[in-house]
């Protein structure tokens, strides 16, 4: 799999001088071995390639050269697809360089119920797999001009949640010109054949990686690290992770520690912080970070205070429970070497590029969500993603990745499974009813109408075994027909109006069916019932429900103000989801009743990032439910769902809906204005001095002008 280490001069590329200059202005004089091999395999001639290589090996520049070369020769549009919004933003900033030679670059994600007609004016579009999938369903004319696709992080095909969408997008994209980029995968030849692409596979890294396993010795407070080259090192300390962290810091390195849960990430960060007195920090830089934390509105006050106490010692934790704004500050501070240690959950390894000299993997086990009390070993791919963060180009001569085990007897097994083994082969994740039915609905929405043979042809283009396609295809057609999502006439399948609306809203057909049954079977209901119905769907958000909480939720079921729209299930798994949905509904009820964010976070034991994710998901689901109720002509429900959706979006009572239309006026400022007699747009315009006194001169003036603009638009 390794390539000859051949480096190519930038001047030897068959690209215009202005393109060469942009690359040189980044300080790049030579292409590294993976980049050189991609060029040799016809990257600049538009050849279809699958490039697999480790993190940090320069895959983005390969994509840039491929896109620019193709567009200069052929015109059209190029679409760069990533699995994460954070990566989309990162790539967008990189591609902005090409605007200096005339290419228009755009970024789009979220808001699935639109065709983004404005993108017709752009040449290079950066987006997510989900957003591109939703755009294809809307069939915008401009998308027909897209003739070059870059599929980034293609190993997400193996992700149980994201895999079906990545596969669906890939099936459509591989009918056009494409470049696929992936972390190292074991069955790359099979995937390349599926794509109709030539494989370019390499293990080359810009910084050599030393991998090892760390175990405790019988002698108290002594730990040995056995490295891949059979060398060993000993460290001493109260705790294995702390001991190796301090050892790395003493050599002026930065450290990423991975733990398997949020609580472990936070507690480990606190422990490490207690030992940071000897580490030299830039006090001015630390002070700037603390001021940044004070300036942002996102995030609970408790988590901010905890982070401030840690960051003052050069340490931070990082997990999905934190707000995006807090995570962004932590990541940027680490990149600039202001923070020395981050303790994170594995989600960080799959996200933005954030290398460190040393990576410590504190756990190879994680909780099994389906079986309480059980743990699973992490996949090899997850280990490779974490260890791949070790070694920062330009700063480190080597990167070190260490797995911590509890017993010396585990060393050999862990070494063989994670360090010496290939990652798991990529396999289709369309092999479930939920995934396959959604896939077919999306294909029909994008194509308009297809014969049975044509529709089946798309399914056969998946990675799913033909025998499984045959089983799922017949089931899917039958279920989608019986539930009025599709119709068949003259051996041609099309979507019903309801099916098309479901596809455009980008919700799962099982979600739509649950919503339809809940609404059609009941008269207009209360907020908690609507919220519970939507949270109970397959697209609903999941939250952790403790055993004590379960008992409280069961008691609450008896005291609700109205009848729920979902029948209480008998099966244990379904009942757990039923209680999960009730907790989500209660969180959202407090949110729309303007309960303070800190109170919500403490009451339900969630992070500010969790709350934001729940709000975004329920915003999408209330919006979808409103539009489905309109499609089904359930007017009693649609009136209530429209108001509920608006309240969920901003977290306000109905009386504030007019005020929160004003840019810069959120739930807190709207309540401040309302309680001081400013109850609508007209009041804002008629009382500018009072508004300025309440909000400050600068913001107040902007709010008055925006309110006047909105009033003019409405009249």
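Using N, Cα and C of the backbone, Cβ positions are placed for all residues, glycine too.
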Stretch carrying motif 'DEAH box' according to Swiss-Prot (options 140-143, 144-147, 148-151, 152-155): 152-155
Intrachain residues whose Cβ lies under 8 Å of the motif 'DEAH box' (152-155), provided they are six or more past its termini: 50, 59, 63, 80-84, 87, 91, 166, 170, 180-183, 185, 191, 381, 423, 426
Lowest local Cβ density (other Cβ within 10 Å) among binding-site residues: 35, 60: 60
Tally of residues which DSSP labels helix, strand or coil - the motif 'DEAH box' (152-155): 2 helix, 0 strand, 2 coil
ATP site shell beyond 35, 53, 54, 55, 56, 57, 58, 59, 60, criterion: Cβ within 8 Å of Cβ centroid: 32, 34, 62, 206
Cβ neighbour count within 10 Å of residue 54 (ATP binding site): 21
Site diameter for ATP, Å, by largest Cα distance between 35, 53, 54, 55, 56, 57, 58, 59, 60: 13
